[in-house]
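Student: What TrEMBL records for this protein is below:
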BINDING   41, 134, 269, 303, 396  substrate binding site
BINDING   101, 102, 240, 304, 305  pyridoxal 5'-phosphate binding site
MOD_RES   269  N6-(pyridoxal phosphate)lysine
Ligand SMILES: Cc1ncc(COP(=O)(O)O)c(C=O)c1O
């Protein structure tokens, strides 16, 4: 009866029925356990059913389940907004809640667009995006995503944007090596802005890692250079931290690694540690000020029924508290080292089957060598997923891009099991050409 997401309806495999989760493990109805090596779509950063998050939700449930957030407020929403401001270096002035990453991105786009209308610069309507980016599945979020199998069929419904080649520091689109790089990959964007200095409302990006587009990595200097360009031409920098936020890259937020100052950021996934749906868009003062106006036409009309749900806010506060425990970032950095060691040894063992290895924070990637079949629709993908599951490991390669994004608390023995599952699978599987 359920139409499962991202599941081809032609001969779908039956889904695994999960009845319980604890730490990095999921348990099915037959008592089998699976190591969740991708944090259930990158959300369960502390593992499943973390006792502190569960307790926080229980406590909140005794007091208030839900209340609309217009004309009413509540302590969890207020405290969470204050926390979000604190952990983002005081760059932002307002927090707009929603309940998924796509909506948080839509809100960024709508705010940037309306800002220019509100201040009388209606010619600024264009959004710049990268060709391998992904920002979600709603129409607006798809519009600012790169052309892919996810959104191609809807191209007639998407609003027009300007698409540029994404940076990729492992396979540089302009043939540079890290040592010789002067962020030449951004030149086409700079040229476009120079030629159309008053048309661009914003540049929408995933910082440091383009996730669903194939776990593509790029260097911090690209962010700094892009920020300079955006500021020079008066375009806003819209930073989608839905995947990279809350420690995933080894700092609280990826933008902080580069020391840039985004105008808007979107967060979701790890915000509640994967326990309840909640997302947020953080807005700088400049943008907010354009909405402080008695004219109702200049108001911002976007809110979802469950916006700022108290249970989800409380869960998010508990998750952030866990991130603030002493030594937390150090633990992610240690995990980064362990992932690197494990993947490096796999690369040594299978030099002809691995095209590239890269690691940043708690994200480790092995790009498999599959010749001309490379890409999201790589036909061997289904069999790989099945083989990992048979070995008790939940891994969902993006096409031929095999990656780990485990809960930060994953144990050494579980990590070893993940590497062994990859090892065994690579040795027994014909990846194709
Ligand atoms: C970078 C990025 N932005 C936005 C989204 C969309 O988030 P959601 O699935 O919560 O709508 C995703 C989801 O994978 C993402 O990776």
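Here the Cβ of each residue, glycine as well, is placed from N, Cα and C on the backbone.
From a predicted model like this one, the values you see are computed outputs, not experimental measurements.
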Student: For the binding-site residues 102, 305, which one has the sparsest Cβ surroundings, going by other Cβ atoms within 10 Å?
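Tutor: Counting other Cβ atoms within 10 Å of each of the binding-site residues 102, 305, the minimum falls on 305.
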Student: Using a Cβ cut-off under 8 Å and a sequence separation of 6 or more, which residues in the same chain sit near residue 396 (substrate binding site)?
Tutor: 38, 385
Student: What is the number of other Cβ atoms found within 10 Å of the Cβ of residue 240 (pyridoxal 5'-phosphate binding site)?
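Tutor: So the number of other Cβ atoms within 10 Å of residue 240 (pyridoxal 5'-phosphate binding site) is 31.
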Student: If I take the alpha carbons of residue 102 (pyridoxal 5'-phosphate binding site) and residue 303 (substrate binding site), what is the distance between them in whole Å?
Tutor: 13
Student: Where residue 101 (pyridoxal 5'-phosphate binding site) and residue 269 (substrate binding site) are concerned, what is their Cα separation in Å, rounded?
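Tutor: With the alpha carbons as reference points, the distance is 7 Å.
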Student: If you check the binding-site residues 102, 303, 304, 305, 396 one by one, which have a CB less than 6 Å away from any atom of ligand 1?
Tutor: 102
Student: Mind giving me a neighbour count for residue 304 (pyridoxal 5'-phosphate binding site)? Other Cβ atoms within 10 Å of its Cβ, every protein chain shown.
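Tutor: There are 16 of them.
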Student: Restricting to the record's pyridoxal 5'-phosphate-binding residues (101, 102, 240, 304, 305), give me the longest CA-CA distance in Å as a whole number.
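Tutor: Pairwise Cα check on 101, 102, 240, 304, 305 gives a maximum of 23 Å.
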